[in-house]
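Feature annotations, reproduced from TrEMBL:
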{"type": "ACT_SITE", "residues": "HIS187", "note": "active site, proton acceptor"}
{"type": "BINDING", "residues": "ASP42, ASN105, VAL129, GLY130, ASN131", "note": "NAD(+) binding site"}
{"type": "BINDING", "residues": "ARG92, ARG98, ASN131, ARG162", "note": "substrate binding site"}
{"type": "DOMAIN", "residues": "6-152", "note": "domain 'Lactate/malate dehydrogenase N-terminal'"}
{"type": "DOMAIN", "residues": "156-330", "note": "domain 'Lactate/malate dehydrogenase C-terminal'"}
Amino acid sequence: MAEPIRVVVTGAAGQIAYSLLYSIAKGDVFGKDQPIILILLDIPPMLPVLDGVVMELQDCALPLLREVIPTDKVEVGFKDIDAAILVGSMPRKEGMERKDLLKANVAIFKTQGAALDKYAKKTVKVLVVGNPANTNCLIASKSAPSIPKENFSCLTRLDHNRACSQVAMRCGVSSDNVKNVIIWGNHSSTQYPDVHHAKVNVHGSEMAAYDAVKDEAWLRGDFISTVQQRGAAVIKARKLSSAMSAAKAICDHMRDIWFGTKEGEFISMGVYAAGNSYGIPEDLIYSFPIQIKNKTWKMVDGLPINDFSRAKMDATAAELVEERDTAMDFLSQ
């Protein structure tokens, strides 16, 4: 048996974590023969809830789960970890300006970045889920200067999965028959779900998504807005956020980091934009098409970008620049 790896989940008493922890503990993410020590980090008022989550994980009697450590201390939470899934963030409350939300989250992710820098392995893979995910990820990375920027990513896989599913339903195929959709930019309503490079397998023959869907107006209209607004639509219907699908996307994202993407396929994740070939400002965490091998990601370069896509990619970049600049002001205070 391999040595156990140490995985921390923040916001571990929350909704998304509740859907996520079982999948991690049973081997769906890091492999069926990889023992795990799970560290559950949350704020002090949530510790009693965490105790209940620990009991449940114990009661699942999962052979790979070696230990569960609940804590409210970053020095315990981030010590010698191999993977960090940062789910916890300050949620937007009614009447709250985005600026106020950014300020609260800068404080959280500055602290967590510094703790990663001080206590975690330098090889740690960090996935930021808590919103605004791209900018929170950038702050965490800047606050952990000794950990390579490439080790930080933010979650746009949920948007990617939503886009795949919409195309699949439209074509009457299962979602594994759709590949190479791209989410560009911010995990927000400005993100751009792009299917110009996507392929759909219909009855055994692979074709371009535009040819499979045969409805350009939908692909350039309702499809994009449906994916952009999906989180809000779930909240409206369920009165709670999309925890189940977010947890599934986190598992997909981390599993791909650990085991790589399929040959000839790419996925979407928010990564450090330095050295990109798409004219996106470099000091951002921006979602690109990504391939992963040996736990190392690389951008899929040189895809042709038409004017329609260019405008959408630039609009979401502009939002990220504005968010970054606001966050950096708070960071320097």
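Cβ coordinates are placed from backbone N, Cα and C, and glycine is handled just like the others.
Because TrEMBL annotations are produced automatically, they should be read as predictions rather than curated entries.
Within 10 Å of ARG92 (substrate binding site), as judged by C-alpha distances, no recorded positions are found among ASP42, VAL129, HIS187.
When the recorded positions ARG98, ARG162, HIS187 are ranked by how far their Cα is from the Cα of ASN131 (NAD(+) binding site), HIS187 comes first. The Cβ of ASN105 (NAD(+) binding site) has 24 neighbouring Cβ atoms from other residues within 10 Å, across all protein chains displayed. Residue pair ASN105 (NAD(+) binding site) / ARG98 (substrate binding site) shows a Cα separation of 11 Å. Across the range of the domain 'Lactate/malate dehydrogenase N-terminal' (6-152), the DSSP-based residue counts are 66 helix, 27 strand, 54 coil. Confidence annotation: the domain 'Lactate/malate dehydrogenase C-terminal' (156-330) carries a mean pLDDT of 97 in the model.
Cβ neighbour count for ASN131 (NAD(+) binding site): 20 (other Cβ atoms within 10 Å of its Cβ, all protein chains included). Taken over all pairs of the listed NAD(+)-binding residues (ASP42, ASN105, VAL129, GLY130, ASN131), the Cα spread reaches a maximum of 16 Å, rounded to the nearest whole number. If you count neighbouring Cβ atoms within 10 Å for each of the recorded positions ARG92, ARG98, ARG162, HIS187, the highest count belongs to HIS187.
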